[in-house]
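Per TrEMBL, these features apply:
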type	residues	note
COMPBIAS	76-90	compositional bias 'Polar residues'
COMPBIAS	97-111	compositional bias 'Acidic residues'
COMPBIAS	119-137	compositional bias 'Acidic residues'
COMPBIAS	199-209	compositional bias 'Polar residues'
COMPBIAS	215-225	compositional bias 'Basic and acidic residues'
COMPBIAS	305-316	compositional bias 'Basic and acidic residues'
DOMAIN	6-46	domain 'RING-type'
REGION	67-137	region 'Disordered'
REGION	198-225	region 'Disordered'
REGION	288-316	region 'Disordered'
Amino acid sequence: MSSVTCSVCIEYLNLHPACSLKCGHVFHTTCLDMCMKRKRECPVCRKRVTETGIRKLYFSGIDGEISNEMDDSIVPESSKNNGEGTSGPQNAGEGSDSSDSDSGEDSDSSDISDSSDNAVEDEDDDDGAMNSENDEMELSIEDSDGEGMANYDEEEENVATIIESQTAEIELLRHQLAQAKTELEASRARELELAAQHLGNSNGANNSRMTKRQLQHELDKSKSNVRKMREELGLALHNVADLQEKLEKANQDKAQELNNIRQNALENMDQFKESFTDRFKEDFSKAFSSAALKRPSNDSSDTSGNDKRECSTSRT
């Protein structure tokens, strides 16, 4: 059994399907998939991982020797062409013609492989650029959210201060109203005593009438004061209700504004990803199409080589 273990679950690799990355770390395929769902990077060294950088691993034999699928599948075209060119008995003329055709095929295949490698490198660079753009966009969203929350907190503190001051004024008005009621009751009691004294004196009938009018006037004045204090108290309560309503409306507006900012940022990010993906696909297809256009030259060189071989054979 192989002693190589997965870098995530620390179990032997040959127990489950395994794969390796360009950085050299190996994992079970399921463990790597779970880690890649969160972020496309190596769970150990945090290097960026692309689809072309993941290689499947196979275990051959009883000892569980690791073999790499990519190592067996990637065979240079030049080695194949060289093997075909040297196989079989040929004369001196045929050897020179085959070497010329093989060298042409080697150069074309190397051009195709170079264009493929450049396309893969461009893909990695574009992925890195897209990740940096996404990080900058996320930072801008966080900054805008932080600034909006700071303004919201400051406004909330101001409203809370106003409410506290209004609450203190309301408590003061309530205290004054209670004192006014107490004074009114005391004045009524004194006025009743005075009225009883004046009414008890038969000689002061006119004076009692005058005192009664004065008492009635003071009573009306006290009622007017109480009514005015009640109106002021009602106005203060109405102001507090208005402030609370404004605070709730401000909270709703701020929440809506933050939601709009997040929504716009997400839409911009999606549009950027779509445009970036379309542009990358177009560039990638152009690279491969340009590499494929070079293949007819190889076919023509093969045809000329075969003609030369036939001519040399007829001469011999």
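Quick reminder: no glycine exception, Cβ is built from N, Cα and C everywhere.
Since the structure is predicted, the reported quantities are computational estimates derived from the model, not experimental observations.
Applying DSSP to the domain 'RING-type' (6-46) sorts its residues as follows: 13 helix, 8 strand, 20 coil.
Residues belonging to the domain 'RING-type' (6-46) score a mean pLDDT of 87 in the model. Broken down by DSSP into helix, strand and coil, the compositional bias 'Basic and acidic residues' (215-225) contains 11 helix, 0 strand, 0 coil.
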